[in-house]
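As annotated by Swiss-Prot, active site, proton acceptor applies to E105, with the evidence given as sequence analysis. Summarising the annotation, Swiss-Prot assigns domain 'Radical SAM core' to 111-344 and lists sequence analysis as the type of evidence. Annotation comment: Swiss-Prot describes C118-C349 as disulfide bond. Per Swiss-Prot, [4Fe-4S] cluster binding site is recorded for C125, C129, C132. According to Swiss-Prot, the S-adenosyl-L-methionine binding site annotation covers G175, E176, S207, S230, L231, H232, N306. Residues or ranges marked as active site, S-methylcysteine intermediate by Swiss-Prot on the basis of sequence analysis: C349.
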Amino acid sequence: METTVRKQKKNLETKKPSIYSLQLHEMQDWLKEQGEPKFRAGQIFDWLYKKRVKNYEDMSNLSKGLREKLSNSFDITTLNTLVKQTSSDGTIKFLFQLYDGYSIETVLMRHEYGNSICVTTQVGCRIGCTFCASTLGGLKRNLEAGEIVAQVVEVQRALDESEERVSSLVVMGIGEPFDNYDNLMGFLRIINHEKGLHIGARHMTVSTSGIIPKIYKFAEEDLQINFAISLHAPNSELRSKLMPINRAYKLPDLMEAIKYYVNRTGRRITFEYGLFGGENDQVEHAEELAALLKGVKCHVNLIPVNYVPERDYVRTPREQIFLFEKTLKDRGVNVTIRREQGHDIDAACGQLRAKERKEETR
């Protein structure tokens, strides 16, 4: 009987590229190399993203020869579901296993306006935010575009049973999306394409901790995707304490990049601001934040933090959250408090994965 380690080693040795990593034009190029007509690419995408088949044999309008070529060239398997937690509010958290044994998290959130999914872009994270469970254990590797796509496909398959669909997505799961930029953009283009899952660009949001060169690059992309910055502090000193990335990419330089993005795209930016009891949640912090954002076309999303056992931060009291919000509103800042979801499951980013890793080491 094969051990888990031996199976993982075999998977690494025999791994083929994921078919879910291919954009339509890349599929067309591959078909041309195989002497096949390029219209077959649309048929293949239809099987993958509309019918969501799990094997090539089901692609009945393709020749046997083409199905064999696909099978020999590309892996069609997606992800193995290790854990599926369902909250009382309908939020579902998936722990998926990758081909090499690593695990990642994906979250389905239900809203009045539809179903939203939060996807992961890396196994672990190197950014080192002091409040985040995702950084525990460091960065293991980047996800391929197909592994990010597969998260959406798997969640959509789960929704197919109730004839629902994923209507929006946020790239705010484990990892720093801009630290895996090329695979991120490949994923977004596949998911957005009318032959893919066809999720509208304006229904997708990418969040970054502030990798400044990639913000300038993102401003030049042709997709009208919503953009969010994990800010969490109104000044450099406090931000460096909470987010070590601020030592490399200073807050004043970050704000310049953000202003360039807003002016270049004409789109509003969202600032994510987690509230940590006694750290960044006082009235003076709100006043300083309002001054920092003055003149910037933006929205502030206040996030009551989830408790992470491995971290020391505590939740801001409810009345203090409302006072912080009021202080911003009184100074003309567009602000909302994020609705909490999945409070009765391991909802904080990286929490379920960290719990699973801890159990594996016992």
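Here the Cβ of each residue, glycine as well, is placed from N, Cα and C on the backbone.
Sequence features, as recorded in Swiss-Prot, placed on the structure.
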residue : record                               : CB count, 10 Å
E105    : active site, proton acceptor         : 28
C118    : disulfide bond                       : 23
C125    : [4Fe-4S] cluster binding site        : 26
C129    : [4Fe-4S] cluster binding site        : 20
C132    : [4Fe-4S] cluster binding site        : 25
E176    : S-adenosyl-L-methionine binding site : 26
S207    : S-adenosyl-L-methionine binding site : 20
S230    : S-adenosyl-L-methionine binding site : 23
L231    : S-adenosyl-L-methionine binding site : 28
H232    : S-adenosyl-L-methionine binding site : 24
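Spatially, by CA atoms, the recorded positions E105, C118, C125, C129, C132 include one closest to L231 (S-adenosyl-L-methionine binding site), and that is C129. Cα spacing between C118 (disulfide bond) and S207 (S-adenosyl-L-methionine binding site): 11 Å, rounded to the nearest whole number. Separation of the C-alpha atoms of E176 (S-adenosyl-L-methionine binding site) and C125 ([4Fe-4S] cluster binding site): 6 Å, rounded to the nearest whole number. Distances between the Cα of N306 (S-adenosyl-L-methionine binding site) and those of the recorded positions E105, C125, C129, C132 are shortest for C132. Of the candidate binding-site residues, C125, C129, C132, G175, S230, the one lying closest to the residue listed as 'active site, proton acceptor' when CA atoms are compared is G175.
Closest to C125 ([4Fe-4S] cluster binding site) by Cα-Cα distance, out of the binding-site residues G175, S207, S230, H232, is G175. Rounded to a whole number, the C-alpha distance linking S207 (S-adenosyl-L-methionine binding site) with C132 ([4Fe-4S] cluster binding site) is 15 angstrom. When the alpha carbons of G175 (S-adenosyl-L-methionine binding site) and C132 ([4Fe-4S] cluster binding site) are compared, the span between them is 10 angstrom.
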